[in-house]
């Protein structure tokens, strides 16, 4: 019975959250779709610069001098950390569908994240097309068959970008690191909207470790990682200032409506002035806690008792004439 009751609460919570998120998605889908399409454009640009890549001797690099080379067999270390960060952020971004405590809408959060990614990736495309450096990764060095690509036979060969092999074994898209773009955007987003201080500190620590592993794995030059650190942070800072701030859901405000006016034509300011008890009850319903009938009966009884006390007070204060 306990499991059934909790499952019912969870289902109500997921259903209410899904309804609200779908309404937001119907309103914001154009921007989300544009952000997803640009991810393909970014991959297409990285594929295109591979045709221009020419292998050569490794450039002198301070990071290569300071950090020992991990070797090709340990290149999975940086990828493992990146995968962990990516999946962790993805799961956390959908936690409002399940957990009671929630600070944001998932649709609005990803709209913000995609804006950060697109702005950073646009600058990245301009940068790595401006100057092509000889790739430091093992498959991009002289003598490797993957270091250069033969001219494409048709446009379709370029448009398909040979996913995922073309992404994993790309060359020429160096300044600045795409892995660091995603990592820093995710870390900064959690730092602002997350709630656990320990996880925030661990997230920054993992970003630093990943930076060092990328250099030690010779996947990027040190300049690629350094430029990513200050460019992405500046991009997030300025783009975040331009975007409207997301509503804070910790105050228990109702989910709907999401537009400036609801169906009755009331503005957001008027909705915020609604009775606090009604907002609490709505918040309880959203979190899977229905308004108990016993509470309603007690409320009615309290109101009745209050009325009786008032009537007694009036009768006592009325002179009897004796």
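Cβ atoms are placed via backbone N, Cα and C, with glycine included.
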54-75, 76-97 - the one TrEMBL records as transmembrane segment: 76-97
Within-chain partners of the transmembrane segment (221-239) [C-beta distance under 8 Å, separation at least 6 from its ends]: 59, 61-64, 115-116, 119-120, 123, 127, 133, 136, 174-177, 180-181, 184-185, 188, 211, 214-215
Predicted model, mean pLDDT over the domain 'Sphingomyelin synthase-like' (170-238): 96
Among 31-52, 76-97, 198-215, stretch most in contact with the transmembrane segment (109-129) (C-beta, under 8 angstroms): 31-52
